[in-house]
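Everything below concerns the one structure shown next.
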């Protein structure tokens, strides 16, 4: 064949090749509504660009799932070998490649699956299984990826898909390709793509998505979203050897009986990523069934988490759909009080609603949350019962075997109390978990001591007959509460009082108003620092030795003095035995403890501070105390002297306002000190520290003058004797200084002797 013939043959072959390629490559235009929907998917559906990798890896896992199922049902059609996902990073060309050796697609499947929005190959695969009357359990193997493939355009300007179906040979490779925002795609036959079976997706990344062509970023995203996929995920960067990324065990899918405590503890540390590496206190590993089926592994930590900023807070529960992470701390999953738990929820049949992100607050999420909280409360109740049983019959000095509940309570009691306030439906169960120190419980030896804590159930069980209230004292310091004057008569008569030291405690009991015991009896909560404390079930009110008239006079005098200091009433106390007086809050007014808490939270808010300044109080006096009786006697003497010669009407007016006729400065100072001291004892701040200190100094000065007034004439002789003694002290000090100088000389002499001895030793050595 001559050269001219060869040239003609080459032209013919070239034309045939072009014709073949044109026949093999087809260009398709997206329909108008499809293009619009793609624009919504890419720009609006997903809140984070990074989720494209999660979606593509999930699709790859779906393809592997399908092939794995077929290998069980039709083993003759599937070649054996490892089913895996390979990720390749090409940093130089800004490309990311994701490849699986799963079920693959034929040309028609490729066109149908990737050419139509909201068409799911998985959905058709399940339908084909149903047509073949395959059992419903096959659904457990198949994922739901919806329109997740199109999220690739979040990061890529061009997406290329190469695929070979498991039913065809390697030469049957087909390529799908689309450029973002063009509204079209092409499908071509590419027999030399190098795929034996499966699908390869090549992302030509945008300039603003170069981070996804870095090893660090890809590893982080796989660890976040896809670390528990059922198939191995391998990563290679720029041709380096492949490294497996997902090695953690899927512990929640195994039987609890097959898992050791060490495995549970290690999984907690790896999953929660707590820098302190503490073992969890307890855990719940169970499967939920009914409205929604899910697997769960939920931990109760042994310590409260440490996070300086809110954004550093670790998620409570991570939610997975077929082992693919779809969100954490979802709205509607857990109530706020249960946010201390950590763990994983994995639901196969959760409704993903087009995107894996659109499940917040769904009916399924709420159903899962209810079952988690139900099991959590049951577990905490069992822990509480275990420690209560361990405390029964415990000898003095013995340590209980099980203190886990009180370890939990020390760190997370605030969560339970918040639940009592917010979660009305679960309030009875939460109430049974609350524990408080009390006057009947021993003083705690350490911060976690079950013997020092009392439940409401224990309290009402040992209350005396006729008692219908649960008495409590609230404050910031347990030691101060134990010495509180409000407890004097109650403790003397053996009535138990609970101590509330947490800032939430008083709000908890006020929100409750009453506690219902197992027999259906209602117990009202009564603050011993408030005015209306019902002690009628005790013995009859104590009788007082101070005459009734004097009681009325001293009460009116104190009220007259303190009326402009927010005291609305002076009353005879029925709760004091040792103290002279206390200040209590009337009716619905805030207690001293609540005012303290709110003051610390107002940040000098003028409006709130004015509310505290105008809040009324009641002064209760112990008319059997010497201070009060002496104050009453002195007031009576001065009042009698001042009203001498008045008519009855004038005396009545004077009795209503004794301060108008009794103006003794010492008496005023004594009354002022009585009131301010009662304020301090009752937990209120001193209103005017300067006035209080002046009153104290005035009384101290007068008391000292009273004690030495008969001995002033002899002070000159005492002063002369003191001067003689001071002279003796000066002589002794001078003698001591001289002795110190002599001692220093002796020390120097010792040094000289040592030098002589050293010279003698040297001479001896020379001889």
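Heads up, residue numbers simply count up from 1 along the chain you see.
Cβ from N, Cα, C; glycine included.
Heads up, TrEMBL stuff is auto-annotated, nobody curated it.
As written in TrEMBL, here are the features:
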- 1-21: signal peptide (SIGNAL)
- 48-209: domain 'Histidine kinase/HSP90-like ATPase' (DOMAIN)
- 55, 59, 100, 105, 120, 121, 144, 145, 146, 147, 148, 149, 199, 356: ATP binding site (BINDING)
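Long-range Cβ proximity for residue 199 (ATP binding site), meaning a same-chain Cβ under 8 A and a gap of 6 or more residues, is found for 60, 63, 99, 100, 102, 104, 105, 161, 162, 163. Counting other C-beta atoms within 10 Å of each candidate's C-beta, the binding-site residues 55, 100 are led by 100. Its own atom aside, the Cβ of residue 148 (ATP binding site) has 27 Cβ atoms within 10 angstroms in the protein chains shown.
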